Amino acid sequence: MPWNAMITAMPYFLTRLGDSPYAGSFASWFSVTWTFMSFISLACATWTARETIPATRIVLPLGLNTLLLTFLAITPRLSLSPRAFFAVVLTNGALLATSGSWFQTSVVALASVFGPDAIAAYMTGGALVAVGVSLLKLATAYTSLKHEYPGGYAPDYSLRIPNDLIDLDAATSSIIYFSVAAAFIGSGIVAYAYLHPKIPHDVQKEPPSRKVSTPIQMSSASIWIVIRKNAYYNIAVFYVFVVTLAMFPAITTSILPVNSSEESIVFNPFIFSALHFLNFNVADLIGRALASFKPISPTSNVRLLLYSLSRTIFIPLLLLCNVQHKPTFESVVDASSKPIINSDIAYMFILFAFGVTNGHVSTLVLMAAPSKLMNPNLELYESKTAARVAQFCLVGGLVAGSAASFGLHAIQCRCNPFLDQ
């Protein structure tokens, strides 16, 4: 949830950064910081993982993430320079990503204790949370804007939001948004307290003969064998997220509506941005669900690799939409500059297909890679190693995609993509 809570709040962050050199490249900086810290933390958490599931590895990350999001809830009332705000949000995101990786490894291990149904619920729950966060952001954005346009929708763009302090209603909207997100994450501690007595005793506590500090032992030779066997699957899941993170959210948050916001509140840049997150997350959820329909769900390594590579087409398609250099969320787009794909409906359709294919192919790869049934070349005892390798390739794709977003941003703005100058 923290990742979705942060990227969905991107319009708020960009508004606070104003016309500073950090605004245009902020989404790329945030994505690469988050994914890099997630990758490093996931490696450490996996290496030091044990057959037991220490409660501290679940409760402490939940508590820390709750505090970090609570802090973000008070930032609308803090007068920070763009440079200071940039550093604060990136640091906050790095801490959220770090604690989230430790939490993730423990939750996956805990879910596996309760069987495949629990794993499926965990995967579905992640997508549902993303949809819920998007709906929350849409609701708070709509609430902060609707009073300005009683009856007809006639915005007054003569007022500008200062760089050091956002509008009162937008500030209240952000406070509510982050507060609800923090409360939701905090409720996870209560849920774990309820679930803890149901965990088998041998999972909660190791036998006395074992040393608690001993990490999982893995054979490097067997890992390389699995990597070679699953090379196509690993490349497929890696590339899926290279393409996704290269565009979403770094580039897609810069795509503004081509229609005037006077026509409908839907075309207000704040609402439009919230809708774009909701659109992608709903599509991603649908894509994951479609993985259970065998007629449209290939599982062979070659087909999934080709499926993954074919998603490259979304990069030029999205760049042909109304991508704006230094998007201004409190103003309409200059009508004299028309993109090649000059349709908000077409853009949302492309984004929907982008999300469906992301959820579909990634789920298929993660299902097939460790499965002896879907992947006959794999030995049964290699399944856990295959799943672990696929997970690292997934996170590696997130890091590479986030880094690639700087290059795409440079192409889009023809500027220094790191400082937007």
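Any Cβ shown, glycine's included, is placed from N, Cα and C.
Beyond the transmembrane segment (26-47), the same-chain residues lying 6 or more positions past its ends with a Cβ under 8 Å from any Cβ of the stretch are 3, 6-7, 10, 13-14, 17, 57, 86, 89-90, 93-94, 96-102, 104-106, 215-216, 245, 249-251, 253-254, 388, 391-392, 395-396, 398-399, 401-403, 405-406, 409, 417-418. Look at TrEMBL and you will find 26-47 (among others) tagged as transmembrane segment.
Look at TrEMBL and you will find 59-78 (among others) tagged as transmembrane segment.
Under the heading transmembrane segment, TrEMBL lists 84-111 (among others).
Look at TrEMBL and you will find 118-139 (among others) tagged as transmembrane segment. Counting same-chain residues at least six beyond the ends of the transmembrane segment (118-139), those with a Cβ under 8 angstroms from any Cβ of the stretch are 1, 4-5, 8-9, 107-108, 111-112, 177, 180-181, 271, 274-275, 277-278, 281-282, 284-285, 288, 359, 363.
The feature transmembrane segment is assigned by TrEMBL to 175-195 (among others).
Per TrEMBL, transmembrane segment is recorded for 231-252 (among others).
Look at TrEMBL and you will find 264-283 (among others) tagged as transmembrane segment.
Marked as transmembrane segment by TrEMBL: 345-368 (among others). Away from its own ends, the transmembrane segment (345-368) comes close to residues 123, 127, 233, 236-237, 240-241, 244, 247-248, 252, 255, 275-276, 279-288, 290-291, 297-299, 301, 304, 307-308, 311, 314, 317-318, 321-322, 374-375, 387, 390-391, 394 of its chain (Cβ-Cβ under 8 Å, at least six residues beyond either end).
TrEMBL lists 389-411 (among others) with the feature transmembrane segment.
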